[in-house]
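Step one of this worksheet: look at the structure below.
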């Protein structure tokens with residue numbers, strides 16, 4: 001990032017002739033406002049620099065007090081791991097339907113499942129007596145040993161049979177979950193096949209063979225199940241209270257983990273597993289943060305060091321700078337927590353991102369400070385430094401913070417929280433760098449001027465004999481260097497010079513000399529420093545700005561000025577660059593059309609997680625409940641159930657539901673109304689004489705009495721929770737009525753997000769078309785997540801639009817010129833398109849995680865584009881466009897390149913994370929860095945010399961043109977007063 005502070009040069013053209021110039025004249029008031037805003041910001045930072053240098057202790061204590069106050073917010077720290085509270089719009093229809101059903105029906109179920117997979121020992125078939133022994137052993141472990149709050153599974157189970165015994169779904173259910181009964185009826189494999197091939201369990205409930213058997217085969221004639229590769233056991237408990245249910249699930253996972261079957265392999269899963277593993281995944285990569293910050297401290301020490309003796313290393317300042325970034329993160333987290341914002345596990349990736357942004361600002365400030373004359377007082381040096389870089393870091397901070405705050409308008413709570421935490425952390429980093437870090441930098445400078453050791457600042461060193469030389473009176477001798485990259489004449493600004501001074505011709509070289517690289521006779525450390533120092537201009541840069549370009553430069557500055565820029569002067573090179581980037585855009589547009597939407601739940605867990613093993617095996621066997629055989633309920637509201645039209649409408653709706661297009665629904669349907677209609681006509685029903693000619697019981701009083709009797713029969717107790725009765729008063733007489741009821745079926749084949757959305761929307765449309773007095777509700781637990789997929793394209797579009805608007809508004813105040821703002825906005829849009837297209841080639845999908853990073857990209861790529869353009873526009877307009885480009889690249893090119901490197905260094909350890917989410921962050925950030933740097937350093941320089949920007953400086957009032965022309969002749973060429981292009 002860069003900031004160029006310029007004293008406007010005189011007008012160079014006597015008359016406005018070009019259309020761009022005419023546009024500039026029309027926008028002159030806006031340009032004037034932009035310059036005034038920039039001037040006021042510069043003046044503010046100038047005053048801030050004086051104040052900090054005079055009262056450093058106040059600002060240090062002020063920052064520490066702010067940290068302390070905001071840290072009190074951790075008392076309200078509220079971590080959240082429940083997926084449906086993070087990644088789902090809380091006002092979505094699915095959430096409303098879920099809340100409605102949970103409030104009307106019993107059955108807030110949670111639990112766990114055990115998957116048994118056959119091995120070669122049994123011919124890879126679980127329909128085997130030995131495997132059944134493994135299944136019964138695991139069943140008894142769960143049934144007898146799992147506990148929560150002193151209660152066993154038998155006391156917590158959610159579903160019981162007529163006798164009050166717990167029901168466990170799976171192969172054991174064919175034997176009433178009774179091992180003794182199993183031993184009585186099964187002696188051979190043929191006996192086992194005969195029992196498990198039944199179409200109904202002993203309770204009368206229909207068997208869904210697809211739900212419990214994986215990759216099974218059936219006899220085409222008899223329908224018997226002859227083999228299966230795997231089978232599932234489902235253990236369900238009452239999910240209320242949640243704390244107790246979570247304890248039981250923890251006990252379940254621990255006990256099943258200790259099961260060691262002889263003839264099969266066991267995989268297990270609980271409802272809490274995904275949340276647990278996500279937290280463990282993120283926490284397991286915390287060690288990478290230590291690596292990141294160690295790298296950043298080392299890198300910062302290398303860049304900030306003015307020398308490699310015990311005085312000039314600036315290790316203490318570097319470490320303090322990194323610690324200040326951590327304080328900013330802590331403060332931002334504390335304030336966010338205090339405001340009641342939830343903390344999500346993925347927030348732990350923010351320190352990797354913030355440290356890159358923080359080091360960027362840190363190096364900018366130090367470089368600006370080092371570019372000032374060392375003979376000035378600390379107050380003047382810091383004032384000048386903050387004048388130079390204040391607008392720059394304000395610009396980048398405003399774009400990032402505004403983009404994140406607008407991203408907080410997302411309908412997804414996790415994205416809201418992430419954006420708020422990030423915005424506050426970036427904001428506090430900016431404030432702390434401008435205050436506490438600058439105060440410590442003043443102290444560090446005084447330490448060096450006093451020739452005290454770095455870190456051990458209480459130890460005084462003996463200055464070298466050269467310190468007493470006559471030519472070293474103006475600065476400590478140890479600051480002088482004999483190498484060619486820092487000549488003794490590098491500090492040429494007189495102490496009285498200020499931003500508003502006009503510099504005479506005698507103070508400037510007659511012409512801009514040719515760049516020369518630094519001396520090759522350097523130590524490896526000095527060579528590295530000369531290569532990467534250009535976070536700012538070379539120490540030889542003074543407020544003479546580009547006029548000082550002839551003095552010793554770093555290798556990167558030499559590269560940009562003497563190697564790279566001459567190539568850009570060739571028209572065919574610029575055209576080739578434009579064609580190359582057009583080709584890159586075209587390829588990525590293709591990628592955009594191919595990229596998929598969706599989030600694979602397996603990405604939530606580490607590579608070595610037991611959950612990953614379970615999901616992989618369950619998918620292979622087609623028994624993963626989130627994609628195959630997912631339960632779905634049709635919930636009916638209060639209506640006249642005794643009415644024949646209502647009963648017929650309910651039965652017709654069930655038939656239509658099973659025949660939905662796409663084949664995403666199938667039976668068996670657990671339907672109380674269908675079973676009741678069949679039963680009430682049977683000879684066993686005491687109400688069979690009261691049915692009408694069509695076979696329906698329509699007598700109002702008898703109907704509800706019969707339904708109540710029906711649900712209390714042993715064969716039909718499974719419907720007890722599906723029919724909810726309540727008492728009403730009709731004509732003053734208490735009467736029994738059905739308040740709500742439900743039927744159940746299954747969704748199948750829901751692995752693809754688009755298929756999931758179609759299944760949900762088609763099901764809802766069918767409910768609206770139902771011939772019933774009140775529209776039923778269709779709900780499946782997967783709908784909560786499908787809602788996220790449904791709103792995600794809109795969320796991505798809106799968040800990107802809001803972020804782009806924020807950047808555009810800030811850019812209008814800084815860049816001022818509409819053409820420049822339009823160009824920056826266009827490039828940001830192109831980069832986002834290219835990042836999305838690259839996701840296809842990375843194998844990434846558009847999901848909640850990548851959407852967060854796409855929003856971040858809008859603010860981050862500004863560092864690589866807008867600042868180069870801004871610096872080009874602030875060059876003296878009397879120069880030729882290519883000359884302006886050369887000066888801009890030499891002074892800001894190394895800074896942009898270093899900014900890319902610091903960001904990359906901050907996120908690089910994420911490439912080695914166990915978490916897929918962290919690795920996704922790395923891939924996305926790598927794309928952001930590469931595309932941002934490429935457009936800022938290659939594409940933008942290739943096109944901006946050819947573009948008209950309508951600069952107001954091109955316009956001269958004809959009435960004043962003669963006087964201004966005379967002024968120009970007297971002053972010679974226009975002069976800029978520039979700071980370090982940090």
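Numbering starts at 1 and runs along the chain as displayed.
Heads up, the Cβ atoms here are built off N, Cα and C, so glycines get one too.
Mean pLDDT across the domain 'SSD' (285-443) comes to 86 in this model. Marked as domain 'SSD' by TrEMBL: 285-443.
Annotated transmembrane segment per TrEMBL: 286-305 (among others), in sequence order.
Residues or ranges marked as transmembrane segment by TrEMBL: 317-343 (among others). Residues 63, 66-67, 70-80, 85-86, 293, 296-297, 300-301, 304, 350-351, 354-355, 358-359, 362, 366, 413, 416-417, 420-429, 431-433, 436-437, 440-441, 444 of the same chain lie 6 or more positions beyond the ends of the transmembrane segment (317-343) yet place their CB under 8 Å from a CB of it.
Beyond the ends of the transmembrane segment (349-369), by six or more residues, the same chain brings 1, 3, 282, 288-289, 292-293, 296, 299-300, 303-304, 317, 321-322, 324-326, 328-329, 381-382, 384-386, 388-389, 392-393, 396-397, 400, 418, 421-422, 425-426, 429-430, 433-434, 437-438, 441, 445, 533, 535-537, 856, 863, 895, 898-899, 902-907, 909-910, 917-918, 921, 925, 979-980, 982 to within a C-beta distance below 8 angstroms of the stretch. The transmembrane segment feature in TrEMBL is assigned to 349-369 (among others).
The transmembrane segment annotation in TrEMBL covers 389-408 (among others). Sequence-distant neighbours of the transmembrane segment (389-408) (same chain, 6+ residues past either end, Cβ-Cβ under 8 Å): 1-3, 5, 38, 41-42, 44-45, 48, 357, 360-361, 364-365, 367-368, 415-416, 419-420, 422-423, 426-427, 430, 433-434, 799, 802-803, 805-807, 809-811, 814, 852, 855-856, 858-860, 862-863, 866-867, 979-980, 982.
Residues or ranges marked as transmembrane segment in TrEMBL: 414-443 (among others).
What TrEMBL lists as region 'Disordered' is 479-526 (among others).
Per TrEMBL, compositional bias 'Polar residues' is recorded for 479-492 (among others).
The feature compositional bias 'Polar residues' is assigned by TrEMBL to 515-525 (among others).
Residues 34, 37-38, 391, 395, 398-399, 402-403, 405-407, 409-410, 415, 821, 824-825, 828-829, 832, 846, 851, 854-855, 858-859, 862, 866, 869-870, 873 of the same chain, all 6+ positions outside the transmembrane segment (796-815), place their C-beta atoms under 8 angstroms from a C-beta of that stretch. Per TrEMBL, transmembrane segment is recorded for 796-815 (among others).
Under the heading transmembrane segment, TrEMBL lists 822-842 (among others).
If you look up TrEMBL, you'll see 854-873 (among others) marked as transmembrane segment. Same-chain neighbours of the transmembrane segment (854-873): 1-4, 353, 360, 392, 395-396, 399-400, 402-404, 407, 415, 419, 422, 796, 799-800, 803-804, 806-807, 811, 814-815, 817, 820, 823-824, 827-828, 831-832, 835-836, 884-885, 888-889, 891-893, 896, 899-900, 903, 924, 928, 931-933, 935-937, 940-941, 944, 949, 951, 981, counting only residues six or more beyond its ends whose CB sits under 8 Å from a CB of the stretch.
According to TrEMBL, the transmembrane segment annotation covers 894-918 (among others).
Here the transmembrane segment (924-944) has long-range neighbours at 353, 568, 573-574, 577-578, 581, 823, 827, 830-831, 834-835, 838-839, 842, 844, 850, 853-854, 856-857, 860-861, 863-865, 867-869, 872, 881, 885, 889, 893, 896-897, 900, 903-904, 907, 910, meaning same-chain residues at least 6 beyond its ends whose C-beta is under 8 angstroms from one of its own. Residues or ranges marked as transmembrane segment by TrEMBL: 924-944 (among others).
Feature annotation from TrEMBL assigns compositional bias 'Basic and acidic residues' to 959-973.
The annotation region 'Disordered' is assigned in TrEMBL to 959-982 (among others).
Residues of the same chain lying 6 or more positions beyond the ends of the transmembrane segment (286-305) and with a Cβ under 8 Å from any Cβ of it are 312-315, 317-319, 321-322, 326, 348, 351-352, 355-356, 359, 362-363, 366, 525, 528-529, 532-533, 535, 898, 902, 905-910, 912-913, 918.
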